[in-house]
Amino acid sequence: MNRRRQSAMGAAGDGGVCALWFWAEGPEERRLLELFSYGLMAVGAGSALLLCFIPMPYGRYSSRRFGWLLPARPAWALQELPSLLVPLGLAACGGAVAAARPNRVLLGCFLLHYVHRALIFPLLIREGKPTPFFTFVLALLFCVFNGYLQGRSLTTYATYPPGWLGSLRFITGFLGWLIGMATNMHSDHILRNLRKPGETGYKIPRGGMFEYVSGANFFGEILEWFGFALACWTIESLAFALCTLFILGSRARQHHKWYLEKFEDYPKDRKIVIPFLY
């Protein structure tokens, strides 16, 4: 055992939580993050295949078959919170890499999304359908895992050349992230306001990107994370973007099929999730 790890273990024994991360740092963990990234891609692809046969059990497809039902607002907040807290903890323990300006900006983009998702979005949800416990646990585990994956990459291993924030790759990716997040938030706003107070049932969403695709909110989030991946230029961020595409693309396809079956006047020229293409 080398001297660095011996000293880290001694600090950890004295209660130094950050020393555990310092102890884990090295080429072995770097390789582990890469393997985790490929695993995340495989999980996304496998989930997309599974969702061809069963709907994702939350929201309009919520079912007691997947465990007892939890209130939508607290379930959503709790399941998303690790994606905020885990990277924050890693940043607090970070060294020179975490302090680099590109890393702080990129980590800030990731955290800003989850400030909205974990702290603001649940307060905006109207009385939605409850979340099955099984779905909640899967989402919670994903957020812990991905929070570690993205946070550890950006606070420990991702390094960028001088001028990265002014490069075409970063600027293009950042704009994609920004436009995607704005599209996602605007589409969620449209969905929340489909029904007037006291109304029940579902309506055809109209306006914004819903004029082009059935899953406008999903399109926004997919664009957001592919923009983030371009700006980060890491295998970890690419894995997250692809997993998002696989899972949200499948959910958008389910929504599109559901809309066509439920509404005779549903616009037939709307695509599923990618404007003009799919």
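Backbone N, Cα and C define each Cβ position, glycine as well.
Curation does not apply to TrEMBL; its annotations are automatic.
Here is what TrEMBL records for this protein:
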TRANSMEM  35-56  transmembrane segment
TRANSMEM  76-98  transmembrane segment
TRANSMEM  105-125  transmembrane segment
DOMAIN    130-278  domain '3-oxo-5-alpha-steroid 4-dehydrogenase C-terminal'
TRANSMEM  131-149  transmembrane segment
TRANSMEM  161-179  transmembrane segment
TRANSMEM  225-248  transmembrane segment
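When each of 35-56, 76-98, 131-149, 161-179 is scored by its Cβ pairs under 8 Å to the transmembrane segment (105-125), the top-ranked stretch turns out to be 76-98.
Look at the domain '3-oxo-5-alpha-steroid 4-dehydrogenase C-terminal' (130-278): DSSP puts its residues at 102 helix, 4 strand, 43 coil.
Through the fold, the transmembrane segment (76-98) approaches residues 17-18, 21-22, 104, 107, 110-111, 114-115, 117-119, 121-122, 125, 131, 136, 139-140, 143-144, 146-148, 150-152, 154-159 of its own chain, all at least 6 residues removed from its boundaries and within a Cβ separation under 8 Å. Residues 101-102, 105, 109, 223-233 of the same chain sit 6 or more residues outside the transmembrane segment (161-179) yet have a Cβ under 8 Å from a Cβ within it.
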